[in-house]
Amino acid sequence: MTGSPDQPPPTDATAESGGGTSLSQSSPAGLVRSPEASGKGYQPATAAGLVLCGVALWCLLGNLVDPHYGNSRYSTWWALAATAAVLALMAGLYLGLRKAAQFLVRHRVLAGLGAAAVWVLLFALQVRLAYAVRLPADWDAYAVYSSAAGLAQGTQTEIDPGYFSLNTNNILITLLLSAYFRLAVFLGVADLEMAAAVLNAVVLFTGIALTYAAARILGGRTLAAFTLLPSTVFVLLSPWLGVVYSDTVGLVFPVLILFLLLAAGRARSLAVRIPLWVLAGGAGAVGYGIKPTVLICLVAAALTAACSPALRRRRPGAMAVVLGFAVVAGSFFAGHRLITVFEQQTPVISFNVEDNPAAMPPTHFLKVGAQSFAGPHGLYYGCYNEADYLGTVTVADPEEKFRQGLDAYQERVAAMGPGGYLSFLNHKLLWVTGDGSFFSWGEGRLTGNNFVSADPGDRVIQDFFGNNRPGFPWLLSLWQGTWFLVLALVAVPLVLRSPNLMRPEVTALRIALLGLLLFLLLSEGRARFLYLYVPYFILLASLSFQTIMDKLLPARDGGGEATGGLGDTKVPQ
């Protein structure tokens, strides 16, 4: 039976037995339930999603043949050994969950206690690691930290106008961090570096939990469990664990928006869906204020929903799609406007936020994105450089500043020629996607000798995170090897067109990542800018892995229910 907008949402049992919700329960934007559960009728969106799969495969093969290193040089062979080890762990987890499925169903209390223990352990580890590897603020993170701390401690009355009038994208995170520091000071915490480390740990742990929760909706407990392995590598052991900045804080927002939209798709009534849509739009506004590329995930959801057959054929669900789009978009713009008004009126900002001639124009980032220079282990493509920065800030007139950036971009592209520019973009793509450490230690001047703590126990942990410490090659290989595995799994739909992988809500994730990569190809870019979308990569990779294992080891009874949701995901028809 086909689904309808009035169809009740799936129960947890349904999600477990079928491997998760389909679009008949959850649309890409949580806007409507559609009968095209396997993605049929969404061909334009599906095709765009498959382009992302092809890009992932190209980036994997390109970096295996010709590695494009970030700030650190890894050993490809050790990275591949880590790939094999992580793959073996994921297979072991799959088999272990399959074997324990009946036990977990019969002993739900014990299963719940075990799950709670795992989450407590993960949180404790996250805080412990963040405390050990905390670093003094540097580069842009220094401007954010110092202004936030100064406002909280009363040593300054406004944020630094010289920096923030140029880099307006860091205003909101500074104001939010200042509010957090004020709370810490009120509670008697004097060490704000420690408070920042705890905040970073809480934010990253929230990212792990939201990734798990989104996976639970997409594919049940089994898929959710698979996300914990790559989440441990990239988030628990984050390359940016020692730095509070928009990359770690921003990681929460794309996956939070996804979770809210998926939850809206499962909701039984508009009375529940509408508040979830409002929250998704509001989260998008806050996330956009912290890291503008957060907006891409909302655009991807809207584009996927726009391909819905319900809209083209004016089916009953069409009005729900339109309503959902209107509510999410309206709440985003309302939230963005409220944030702008707040920034304009707060006394800690001494310049006009809305009429700010010093702000960097978008053409500056276009200019920066079209050049390369030598890094420690090869060329850096489209990366920040001091010459371009000074060339922009020394121009006072906003219109001239805009034209200067555009002219510089056009001159650089013309100098390369069409073929040369395409080659440049290819190398830039491989460079941005080739670094599993996400450009760790590539910003500022700090090294592994600059950790705040000198405690012997902390130094043991620092030996793995510090770029010039003895254990760093091991962690670097783990990051890189897991990243190779993630890219390979993201590419799986090129050869395995399982309905489970073609669902529109999954396609929306691919479109978001494709949009992010296209943006970074033209703009300033480096692997660090991918980090806030790591949960999307993890979800796609985990879903591919589950689908492969279900194909290789089908449930003996032909269904997933008896194996705790390990059977191939069934898409309601």
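Even glycines carry a Cβ here, placed using N, Cα and C.
Keep in mind that TrEMBL annotations are predicted by a computer and have not been checked by a curator.
Annotated features in TrEMBL:
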- 1-37: region 'Disordered' (REGION)
- 1-11: compositional bias 'Pro residues' (COMPBIAS)
- 45-65: transmembrane segment (TRANSMEM)
- 77-97: transmembrane segment (TRANSMEM)
- 109-131: transmembrane segment (TRANSMEM)
- 171-190: transmembrane segment (TRANSMEM)
- 197-219: transmembrane segment (TRANSMEM)
- 239-263: transmembrane segment (TRANSMEM)
- 270-287: transmembrane segment (TRANSMEM)
- 318-339: transmembrane segment (TRANSMEM)
- 474-495: transmembrane segment (TRANSMEM)
- 507-523: transmembrane segment (TRANSMEM)
- 529-548: transmembrane segment (TRANSMEM)
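The list of residues near the transmembrane segment (109-131) in space but at least 6 beyond its ends in sequence, with Cβ under 8 angstroms from a Cβ of it, reads 194, 197-198, 200-202, 204-205, 208-209, 228, 232, 236-237, 241-242, 453, 458, 461.
The largest share of C-beta pairs under 8 angstroms with the transmembrane segment (474-495) comes from 77-97, of the ranges 77-97, 171-190, 197-219, 270-287, 529-548. If you look at the transmembrane segment (197-219), the same-chain residues 6 or more away from its ends with a CB under 8 A from one of its CBs are 15, 19-21, 26, 119, 122-123, 126-127, 129-131, 134, 177, 180, 226-228, 231-232, 235-236, 238, 241-244, 248-249, 251-252, 255-256, 258-259, 262-263, 266, 500, 505-506, 534-535, 538-539, 542-543, 546, 565, 569. Counting same-chain residues at least six beyond the ends of the transmembrane segment (77-97), those with a Cβ under 8 angstroms from any Cβ of the stretch are 222, 225-226, 229-230, 233, 436, 473, 477-478, 480-482, 484-485, 545-546, 549, 553, 564, 566.
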